[in-house]
Amino acid sequence: MIHAGNAITVQMLSDGIAEFRFDLQGESVNKFNRATIEDFQAAIEAVKNHPEVKGLIVTSAKSTFIVGADITEFGQNFAQGEKAIVEWALPVHDIFNSFEDLDIPKVAAINGMALGGGFEMCLVCDYRVMSDQAQVGLPEIKLGIFPGFGGTVRLSRLIGIDNAVEWIAMAAPKKPAAALKDGAVDAVVSADKLQEAAIDLVKQALAGRVDWKAKRQEKLNPVKLNPLEQMMAFNTAKGAVLAKANPAQYPAPKLMLDSLQAGASLGRDEALKVETEGFAKAAITPQAEALIGLFLNDQIIKKTSKKHEKGAHPVNQAAVLGAGIMGGGIAYQAASKGTPIIMKDIGNPQLALGMQEANGLLTKQVERKKLTPAKMGETLARIRPTLSYDEFKEVDIVIEAVTENPKIKEAVLADTEAKVRDNTIIASNTSTISITRLAKALKRPENFVGMHFFNPVHMMPLVEVIRGEQTSEEAVATTVVLAQKMGKTPIVVNDCPGFLVNRVLFPYFGAFDLLLKDGADFQQIDKVMEKFGWPMGPAYLMDVVGIDTGVHGAEVMAEGFPDRMKPDYKGSIQTMYEAKRLGQKNDVGFYKYELDKKGKKAKTVDSTAYEVIAPVVTSEKREFDAQEIIDRMMLALCNETVRCLEDNIVATPAEADMAMIMGIGFPPFRGGPCRYIDQTGVAEYVALCNKYAHLGKAYEAPQLLRDMAENNKKFYG
């Protein structure tokens, strides 16, 4: 044994070839943390001290190769400032360089996921052989940073500027065929032939059949383009990347491009210094803090959800009641992830609509070559449309998705309970009606739970799992595990009107309505909030949701929270509803809708909308300062999020923030309401609440925030 460390072992195989094996002890995956980097340095020194080593294959003992840097650990460095990040990163480059510079050929044998720093490790090797089951990539842009272990420098020299920019900016893992085509790997083989192929490539290098030194030299030299070619390549890349990523919202892509361009004409060592400086600039941005926070929050939620597996009972057969767009979407989602599902309704036209929804979604998958026609057939076969309860004795969980009307739901739920086994879980897809209230119609309320999908089901990642007063932990656990199996992110919340997401969303709509009353222009509000980072402004969002749906939800919320959600005036949303302007569903709302060339509804300005709401605008119309619009909209939303934490509706800031991002499109680069309050400064945020408190209770700072401000506390750290 040449080296035996906690993260790496090095041992001779044969013919002067040694195996440099990553196997981080006590972890299920390999990752670059401080311990791994220290061991990496020690292992390199050990190889240097063993002249009998003539070549290396780099392998992993795990099912993945290396999944990247330990962001939990390294993220702590980012709070230390730009200079400290550079001082931390440059010695890491020295270690990677010393491995690259070993005067022997090295081949990475990529058996599984090689992401971020893991793929940067592969790039340090002279050759890369990849299993046909593996994936490689540089996902750091999703975290508000970019590759910082030499990825921008080495990849651009290996595969060219245009390809490297696409790999880094898109941040998506690459399958073997794509990696081979672009030249990021040198061979793709079956998993069982991987080590043999890597050893064979080292032997070819040692025998002089491949020029490994010339191959390495490409990575040490400047990019092979003259200044004019470089300028053209970067201008094209900037146009493509910055059209998708506004630097004011997502600065990392532009910082990456600037670093790449500045380092392209330099040799490796100087280019790495440029990369490090750019990386440090990205790492200290509030966007990086927010996006890294989201990644960590996602890990927390996955761990929380995993804990439910022990308490769940298996779901071998599901059912959905109500076969409209929602029911069809739920059936599609379950069936496409392998769970057989019965879809019941009271009439054939409704069943046809549900099957049409599932069929349409699957057809699109086939057209995009993401699914074969045979797999589509298998998926459709898992959906059994029916008008009867005959097969419901087989069902482990029933998801009710009928009209959002308490009396109808209560009747359907009671009827269903009589047709299923005593241990069958019944879940309601209600968006606002109290689970505790609906449970009163049932004999076994402990088996009843909320399972709130968001529309469209196939696109929206969040499922709220709602615990009523009598809901058992088994019912919660079973529903959480099913949601995960369906490819969704479940967040468990306690029961209240609107649950978590809608309870928070309606004060946001209330703030919008109040701004209109005070003379703001809804188009200006939409533009300001979209520039702030929302995918659409509140007027457009209300049209998409449906103004009738919004009015109904507002009534439920006003009944539940009259002190801050029951307006003492008639607003524009109610007025639109009374004028039968329902939004996209009937083509007129705040905007007018017409089909574009692709057959999608496109919004246009409709002057009639202003005439409709004019009677309820009590102040003279004026142009508002953008920051006032932002403050009034965001305070109402963030305050209600904090109240949900105070009331134990949601357990943690991490879950609250993720729910808002996945459920209503809160700008990811701002990290969620709790992160937004932290980055504003809790004391400063409370002062803003005080400034706008005259607008009503929705603007009053919750006691939790006042206590946090007094004690200099934050939600994170």
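Glycine too: its Cβ is placed from the backbone N, Cα and C atoms.
Now, the feature entries from Swiss-Prot:
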REGION    1-190  region 'Enoyl-CoA hydratase/isomerase'
SITE      GLU120  site 'Important for catalytic activity'
SITE      GLU140  site 'Important for catalytic activity'
BINDING   ASP298, ASN502  substrate binding site
REGION    313-717  region '3-hydroxyacyl-CoA dehydrogenase'
BINDING   MET326, ASP345, VAL402, THR403, GLU404, LYS409, SER431, ASN455  NAD(+) binding site
ACT_SITE  HIS452  active site, for 3-hydroxyacyl-CoA dehydrogenase activity
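Between LYS409 (NAD(+) binding site) and the residue listed as 'active site, for 3-hydroxyacyl-CoA dehydrogenase activity', the C-alpha separation comes to 14 Å.
Within the same chain, residues at least 6 positions away in sequence whose Cβ sits under 8 Å from that of VAL402 (NAD(+) binding site) are LEU321, GLY322, ILE408, LYS409, VAL412.
When the recorded positions THR403, GLU404, SER431, HIS452, ASN455 are ranked by how far their Cα is from the Cα of ASP298 (substrate binding site), HIS452 comes first.
Each residue contributes its Cα atom, and for GLU140 (site 'Important for catalytic activity') and GLU120 (site 'Important for catalytic activity') these two points are 11 Å apart.
Measuring Cα to Cα from SER431 (NAD(+) binding site), the recorded positions that fall within 10 Å are HIS452, ASN502, out of GLU120, HIS452, ASN502. In three-state terms derived from DSSP, SER431 (NAD(+) binding site) belongs to neither a helical nor a strand segment and is classed as coil. All chains included, 15 other C-beta atoms sit within 10 angstroms of the C-beta of ASN455 (NAD(+) binding site). When the alpha carbons of ASN455 (NAD(+) binding site) and GLU120 (site 'Important for catalytic activity') are compared, the span between them is 39 angstrom.
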